[in-house]
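Annotated features, as they stand in Swiss-Prot:
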type	residues	note
BINDING	N12, R23, G200, G221, F222	3-amino-2-oxopropyl phosphate binding site
BINDING	D14, H15, R50, H55, T105	1-deoxy-D-xylulose 5-phosphate binding site
ACT_SITE	H48	active site, proton acceptor
ACT_SITE	E75	active site, proton acceptor
SITE	E156	site 'Transition state stabilizer'
ACT_SITE	H199	active site, proton donor
Amino acid sequence: MPKSSPLRLGVNIDHIATVRNARGGRHPDPVRAALTAIEAGADGITAHLREDRRHIRDNDMERLKAEISKPLNFEMAATPDMVRIALGVKPHAVCLVPERREELTTEGGLDVVGQRDSLAPSIARFNDAGIRVSLFIAADPAQIEMAAKLKAPAIELHTGAWCDAITDDEPAKVAEEWRRIVAGAALAQSAGLEVHAGHGLDYATAETIAALPQIVELNIGFYMIGEALFVGLGETVKAMRSAMDRGRARVIAA
């Protein structure tokens with residue numbers, strides 16, 4: 001059994017900004033949400049500055065970096081403009097993701113194999129700047145191995161297909177996707193990569209995946225913002241932290 005590391009919770013506050021932007025103005029404030037999440041136990045804050053600025057804005061990233069006490073994870077497409085902005089903000093970490101304007105949310109993992117020549121310079125620039133790079137990828141061996149070759153310190157495994165299969169009550173696909181995640185986490189750790197996971201996670205799936213000892217960080221947003229409408233963001237963060245701790249305890253007890 002691989003030794004377990006502490007499991008961090010990164011709270012994605014994008015959809016606080018989605019609500020704000022529905023009417024314009026400054027409320028609800030994503031930075032206030034980030035501070036609330038941290039007070040409730042979040043280990044870091046994730047925000048995605050999309051090229052179309054549909055939720056998070058440039059000023060949000062600058063304020064988050066200046067005002068929060070925990071690490072900022074800057075999600076972004078690996079475009080020259082976004083690389084320039086991120087280097088200016090100097091977050092603790094960046095997560096490179098695929099991005100299409102017509103999508104409602106990030107729909108798949110980054111094609112590191114196909115885009116290795118364009119990704120390599122960006123990864124190198126962030127490494128040189130002391131900004132931790134993670135690549136948001138499917139649990140595919142070729143993608144994981146290429147991430148290691150490009151000297152990305154970390155990957156974030158895309159858990160969306162697994163979570164969708166659970167929602168759609170497709171047990172065979174659930175089992176298949178879970179096997180891919182388990183194998184991918186083990187391969188990534190053996191390749192020297194720090195392993196994160198995210199997309200579509202809720203209390204139950206976060207508790208399940210927390211039992212994988214290789215995974216050291218979960219980034220969760222949409223579900224938590226939805227739950228916060230009913231019980232408040234602070235209570236939602238505490239409940240998610242508890243779910244993760246229950247899952248992690250199964251590793252410790254094993």
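Cβ from N, Cα, C; glycine included.
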Do any residues at least six apart in sequence from H15 (1-deoxy-D-xylulose 5-phosphate binding site), in the same chain, have a Cβ closer than 8 Å to its Cβ, and if so which, in order? H55, G221, F222, I225
Among N12, D14, H48, R50, H199, i.e. the recorded positions, the one with its Cα nearest that of E75 (active site, proton acceptor) is H48
CA-CA, which of the recorded positions R23, H48, E156, H199, G200 lies nearest D14 (1-deoxy-D-xylulose 5-phosphate binding site)? H48
Residues near G200 (3-amino-2-oxopropyl phosphate binding site) by Cβ (under 8 Å) yet at least 6 apart in sequence within the same chain, in sequence order, are T159, G160, W162, C163, D164, F222, Y223
E156 (site 'Transition state stabilizer') to R23 (3-amino-2-oxopropyl phosphate binding site), Cα to Cα, whole Å, comes out at 32
Between H199 (active site, proton donor) and R50 (1-deoxy-D-xylulose 5-phosphate binding site), how far is it from one CA atom to the other, in Å? 16
